[in-house]
Amino acid sequence: RFIAKPCAINLGIQDSGPHRAQPNAVLEKVFTSITKSPDGKRLEGLSKQLDWDVRKVQRWFRQRRNQDKPTTLTKFCESMWRFTFYLSIFFYGIRFLWTAPWFWDTRQCWYNYPFQPLTPRLYYYYILELAFYWSLMFSQFTDIKRKDFLIMFVHHLATIGLITFSYMNNMVRVGTLVLCLHDASDFLLEAAKLANYAKYQRLCDAFFMLFGVVFIVTRLGIYPFWILNTTLFESWELIGPYPSWWLFNGLLITLQILHIIWSYLIIRTASKALVRGKVSKDDRSDVESSSEEEEVTPHGTKGVFSTSSNGSNRINGHVGSGQWTEE
């Protein structure tokens, strides 16, 4: 409210949404009680009832759907908040872990387990991360529903489960490594969104490509060969197959499966970008499902996070065409 909004206004982002549909009691009743996207037969019936052209009825429903969506200014403020949190917690984690012995030798995560002290800095790191992911879990149900809703829901459940479970079992040392590794790329994704909302398209594309590289290196390289290696093999060797070992590693492997899915989508986006000479969309997440037309940026390229008042439907995470939808 006091930082992000003034920044957005200074960047020329207006607090104005899409065109509002003209008041119409008949169409409003259909929209609220029957369907928000009427089929061709219903459109023709409404057209005859109102003596409107079919395209005019279609336009009304499109405008009515879009007017409920958040403005660019609102989305900029949300992304700036997430960017601030991810960046701050990442540097806090790096600063904390730099002096931690288990950051340099993962076997230290299991020496003298479970009798390892919980320091205040480690405690606050855990509590901040847990609170943030709970907020993301709750906000999923109040935000506009995205088509990667299920994947993100599973991700948040697994993350909250891991943070809570590792805290209760005093596996906080390896838990801090997992948290810091996941925060390494997320602030770059939010930075790409901020650049897009401000219409800095080249900067947006650069941030997205950097995000893709960091994401793949951390989630497909460091995570399995550093984190999973210590939780699966080093822990087994040093303390044996304790009862919670199976659940703990099951949750970690669930996260790895999600990493593979997202990495595939990011690589697909990047490969299309290399062919076209531009990044067309983010296949990972954060695109809303109810839009119908695409918007081209002033530079003539479709941005990673291009926003428009309308677009074409797509599965958020799986794109079947070159079209880009509103976020």
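Glycine residues also receive a Cβ, built from the backbone N, Cα and C atoms like all the rest.
Where the annotation comes from TrEMBL, it is an automatic prediction and has not been curated.
What TrEMBL says about this protein:
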| type | residues | note |
| --- | --- | --- |
| DOMAIN | 27-71 | domain 'Homeobox' |
| DNA_BIND | 29-72 | DNA-binding region |
| TRANSMEM | 83-103 | transmembrane segment |
| TRANSMEM | 123-142 | transmembrane segment |
| TRANSMEM | 207-226 | transmembrane segment |
| TRANSMEM | 246-267 | transmembrane segment |
| REGION | 282-327 | region 'Disordered' |
| COMPBIAS | 304-315 | compositional bias 'Polar residues' |
Residues sitting near the transmembrane segment (83-103): Cβ under 8 Å, six or more positions beyond its termini, same chain?
109, 121-122, 125, 128-129, 132, 173-174, 176-177, 179-180, 183-184, 186-187, 190-191, 194
Which residue counts does DSSP yield for the DNA-binding region (29-72) in the helix, strand and coil classes, in that order?
30 helix, 0 strand, 14 coil
